[in-house]
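Q: For B:6-29, B:41-60, B:66-87, B:94-116, B:136-161, B:193-214, B:243-261, B:267-285, the entry in TrEMBL reads transmembrane segment.
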């Protein structure tokens, strides 16, 4: 790709550095994760790397940061080829990275985190002087974050800002951001990205951001590069591209299954799932779910939106029987429901929790055994309730693997050896193969490729159309807007807002996610 | 009656200072180790080996202070061994700690047999209240110098955890190994050094047992004080200053029996002597349910993860 013209910057005060990769190639064994990729980010540029999971975005930035040594290709910083052997070399060149997970130390305060991250942190810290220097530094910065509190007590958005501040504090002049907005509300994301874009416009900073949100690309970036299966398939100035064009570049020619249509539903359908004042604590004993009341009718998908860490995970754990309720009751068809196996069967409650390998499967047991969890103790798999016959178990597993297109080496392979999408399909096959009255789904498409996402969403929609009451918890607002009939926003353990999906919009939902 | 109560309380104060000293050293050592992200349950063994080596060194050289150093040295050796073993992949620090406890006491019993009889020189004491002319107070406040060393060590540690690079690196390592690695810190090296230094402190605590109070070497010398000190760290929520306060509390509990005996109350002597053990049980039950304790715990400890 040809170098892009630098955005309008005053040449006098440009601190930002330009970074380019030339013919970057990385192989893991016989697998080529990155194939001859050349991108160029000019000083003061805001560049986005687009691509599906496994497209090679992370591999590319890890080569730039020195986590991986590329098999071929060079990194060019400010026009000079450089060798980056480890992240420390990258840091010396002014290149810093903000990761998806936080790298701050939870029990240290913001100030302690900043000072200790410096390579030249003094042996004895003179806090009076450091505070003055930090105050002077913060005065130049666009974000405000409290520095005197332990990081553990900061909100996710503040932590993310502090991560970025840390890199700027370390004199980072080229920031790599790996999906930085996944933990932020839409409002916070716009604020952070807007301030970073202002810094790039002033020439203080260049930004390379990994993202899959087209909205952020069109709103903030100057230029974009699209990766697919390790190769650069296109890119250019954002102004010259359309969202459809970018999506086509990302997905390629993979046929995508048609989205199942939303069947019309009579408004008078009865309530199936009724959560009445649920309260539950997190592991540290603080209230995670704090008085959640919600009704889900038959043939309805209620989507729970919210920034991660606002109690959604705890709520799903309560419904799965993984977390005790401190207060409140669950009713299904007006009868009290306890999250135990007997009631799951009686009320036909099924679920797909997030991270199914951890929450819904026994990783070392075989695919067939995992698929049999719901039925292994009932005929035909078992006689008298305890005598198991492997034949029917395998036959049923084989049929479901076939029907749900689970790619596995054999039925006897441990389920942990399957890819994420295939684990998801195997668990879905187990949960959706019978009659479903209530379905509880959490982040079902997290980390999956486009084709699997469409398929899994279609399965969920199909259950709704067949009359199941579906509770969909997702951190992906687009997923909720696509699937749900009604949106509920969860913030600080409470339901902050509910509305039919037709009567609301992204801004309103975002405001409630932020707790306003 | 009030006079007797005053005597009991004075005796308990003196006893608290005397009995708490080894608790302070072991608890500080364990705090340092746990702040770096490892648990060393072997400090009971370190305490016993430190006591034996300290006593033997003092007897052979005639200098109790060399004995103290020898006790600390024994702790460094056991701590380093623990640290290095736990640096190997997939080695569990709790299991290694239990092995180190057995190793330390075993070594001490094996090499300590010849030193049960001889008399080694004791550590001096500092008379703080002789000028009052009150004999009870004078006896109670003849304070051993190691107590002050322990309190000073606690202050230095509390200050160092906040104000020095080493302190912040140890806390980082103990709270988030990933963050420490990202900073370019060798997690295993920090933890091994912290465990060795913690062992040094615990070894000094052992030397105190044999060289000041009770002031002789025998195999029943420690009677589980090293283990109690580890429990005390949780009670003190990993704060060096609270370690000292908690150690004084445990010391006072341990001094109840002798203090009551000094005013002629001999009934239930053994029951009162069990006070520290009962206190340990209560503390463990009380603090393991406490959510504050869980929040203060270093994030990398194998019991909290």
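Backbone N, Cα and C define each Cβ position, glycine as well.
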Q: What parts of the chain pack near the transmembrane segment (B:94-116), using Cβ distances under 8 Å and only residues at least 6 beyond its ends?
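A: Same-chain contacts beyond the flanks: 39-49, 51-53, 55-56, 59, 74, 78, 81-82, 85-86, 217-219, 226, 302-303.
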Q: Okay, the transmembrane segment (B:6-29) and the transmembrane segment (B:243-261): do they have at least three CB pairs under 8 Å, pairs separated by 6 or more?
A: yes
Q: Count the CB pairs under 8 A between the transmembrane segment (B:66-87) and each of B:6-29, B:41-60, B:193-214, B:267-285, then give me the winner.
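A: Stretch with maximum Cβ contacts: B:193-214.
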Q: Out of B:41-60, B:193-214, B:267-285, what stretch is closest in contact terms to the transmembrane segment (B:6-29), meaning most Cβ pairs under 8 angstroms?
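A: The stretch with the most close Cβ contacts to the transmembrane segment (B:6-29) is B:193-214.
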Q: How about long-range neighbours of the transmembrane segment (B:193-214): same chain, 6 or more residues beyond its ends, C-beta under 8 Å?
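A: Same-chain contacts beyond the ends: 18-19, 21-26, 28-33, 35-36, 38, 40, 43, 46-55, 58, 64, 67-68, 70-80, 82-83, 86, 120-123, 125, 144, 146, 149, 153, 170, 173, 221-222, 225-226, 229.
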